[in-house]
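Structure first, then comments.
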Amino acid sequence: MTKQCSFTLYSLFVTFLIMFVVVNSQLTTEFYAKTCPNVLKVVRKEVQNAIKNEMRMAASLLRLHFHDCFVNGCDASLLLDGNSNTSEKFAAANLNSARGFEVIDKIKNAVEDACSGVVSCADILAIAARDSVLLSGGPTWKVQLGRRDGLVANISGASTALPAPFDPLNTIISKFQDVGLNITDVVSLSGAHTIGLAKCATFDNRIRNFSGSGAPDTTLDSSLVSELQSLCQSTSDGNNTAPLDRNSTDIFDNHYFKNLLNGRGLLESDQILYSSDAALTATTKTLVETYSNSTSLFFSDFVNSMIKMGNISPLTGSDGEIRKNCRAMN
């Protein structure tokens with residue numbers, strides 16, 4: 001064999017190897033087609049059971065995926081147990097707030113019974129989020145799969161990267177941009193608040209002493225202020241809950257955006273999408289108005305944004321691992 005022929009074969013091999021690595025590092029909707037063909041059915045059944053037991057769980061499972069992807073990428077680092085110095089569960093945005101971990105445990109156990117050591121916890125979070133939206137009356141989409149689970153949690157990242165209900169609009173947009181998401185993603189993904197509840201502690205500042213004014217937030221509907229003041233007594237512990245989308249609490253629809261037009265967004269971070277004085281509000285306000293008039297456009301943009309979010313820095317190939325227990329590394 002000539003040197004030229006050997007070099008050509010070697011080049012072809014290297015090219016093939018590179019293509020193989022690139023292709024296999026990408027997420028795909030058919031990732032478990034051969035290794036765990038029933039994974040979607042298994043997850044769907046468990047999510048259905050969980051929502052049947054508690055409607056609020058749909059919002060909680062969706063939120064877990066969101067809070068996971070914004071820290072370390074979509075690697076299930078949020079699910080790792082630990083102490084206040086290590087676990088993301090102890091970050092302010094998650095402590096006594098992020099919930100549904102026991103449901104993820106049940107899903108993982110069911111998946112392990114179907115195909116042991118194959119499906120990552122990160123992928124389970126992504127599938128459960130999609131099913132939660134669909135089973136609440138929202139859109140569906142083909143979930144891209146192939147993520148692997150991270151080997152470390154990041155509590156400092158969870159304390160700084162996650163958007164907070166008290167953040168100004170520019171800060172929220174910046175946090176989204178830090179993970180590759182844009183203003184459309186900010187507004188469409190905020191629409192996830194069409195389902196679920198929020199604790200009084202997350203909006204109490206708006207109903208009594210907003211920004212030290214000694215009065216409620218002027219962008220909050222006055223009749224809603226009275227209702228919320230009755231629910232959230234000044235002497236309470238802040239743990240009472242109110243629906244994020246009043247009059248459409250458990251239905252995934254565009255009613256959340258209609259609320260914003262009427263000053264009935266529960267969280268400050270919701271209402272500022274329409275009422276903020278920030279320079280970027282013109283864009284978010286237009287999107288709010290558009291989504292309030294078109295469920296189909298909201299659903300379309302929401303699906304696109306969920307797929308983008310699910311692609312934030314996934315571990316693939318030989319990176320990370322497939323956890324047997326979502327709460328701990330193997």
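Including glycine, each Cβ sits where the backbone N, Cα and C put it.
Taken from TrEMBL, the feature active site, proton acceptor covers His67. Taking Cβ-Cβ distances under 8 Å and a sequence gap of 6 or more within the same chain, the neighbours of His67 (active site, proton acceptor) are Leu78, Glu88, Ala93, Asn94, Ala98, Ala158, Leu162.
Per TrEMBL, Ca(2+) 1 binding site is recorded for Asp68, Val71, Gly73, Asp75, Ser77, Glu88. Long-range Cβ neighbours of Gly73 (Ca(2+) 1 binding site) (same chain, at least 6 residues apart, Cβ-Cβ under 8 Å): Gly150, Val179, Ile312, Ser313, Pro314, Leu315.
Remark: Pro163 (substrate binding site) has Phe70, Thr171, Ile172, Lys175, Phe176, Ser269 as non-local neighbours, by Cβ distance under 8 Å and separation of at least 6 in sequence. According to TrEMBL, the feature substrate binding site maps to Pro163.
The heme b binding site annotation in TrEMBL covers His193.
Cβ environment of Thr194 (Ca(2+) 2 binding site): Gly138, Leu244, Asp245, Ser248, Ile251, Phe252, Asp253, Asn254, His255, Tyr256 lie under 8 Å away, each six or more residues apart in the same chain. As annotated by TrEMBL, Ca(2+) 2 binding site applies to Thr194, Asp245, Asp253.
Cys115 (disulfide bond) is surrounded by 15 other CB atoms, counting those within 10 A of its CB over all protein chains shown. Residues annotated as disulfide bond in TrEMBL: Cys36-Cys115 (among others).
Listed in sequence order, His65, Asp68, Ala122, Leu125, Ala126, Arg147, Met309, Gly310, Asn311, Ile312, Ser313, Pro314 are the same-chain residues at least 6 apart in sequence whose CB falls under 8 Å from the CB of Cys74 (disulfide bond). For Cys69-Cys74 (among others), the entry in TrEMBL reads disulfide bond.
Cys121 (disulfide bond) has a Cβ environment of 30 other Cβ atoms inside 10 Å. Look at TrEMBL and you will find Cys121-Cys326 (among others) tagged as disulfide bond.
Taking the Cβ of Cys200 (disulfide bond) as centre and 10 Å as the limit, one finds 19 other Cβ atoms among all the protein chains shown. According to TrEMBL, the disulfide bond annotation covers Cys200-Cys232 (among others).
Across the residues of the domain 'Plant heme peroxidase family profile' (26-330), the predicted structure has a mean pLDDT of 96. Positions annotated as domain 'Plant heme peroxidase family profile' by TrEMBL: 26-330.
Summarising the annotation, TrEMBL assigns site 'Transition state stabilizer' to Arg63. In this view, Arg63 (site 'Transition state stabilizer') is surrounded by 22 other Cβ atoms within 10 Å of its Cβ, with every protein chain counted.
Taken from TrEMBL, the feature transmembrane segment applies to 7-27.
Within 10 Å (C-alpha to C-alpha) of Cys326 (disulfide bond) lie the following binding-site residues from Val71, Ser77, His193: Ser77. The disulfide-bonded residues near Asp75 (Ca(2+) 1 binding site), taking a 10 angstroms Cα-Cα threshold over the set Cys69, Cys200, Cys232, are Cys69.
For Cys200 (disulfide bond), the nearest of the recorded positions Cys36, Val71, Ser77, Cys115, Cys121 in terms of C-alpha separation is Val71.
Here the Cβ of Ser77 (Ca(2+) 1 binding site) has 27 other Cβ atoms within 10 Å, regardless of which shown protein chain they belong to. Take the Cα of Cys36 (disulfide bond) and measure to each of the recorded positions Val71, Ser77, His193, Cys232: the nearest one is Ser77.
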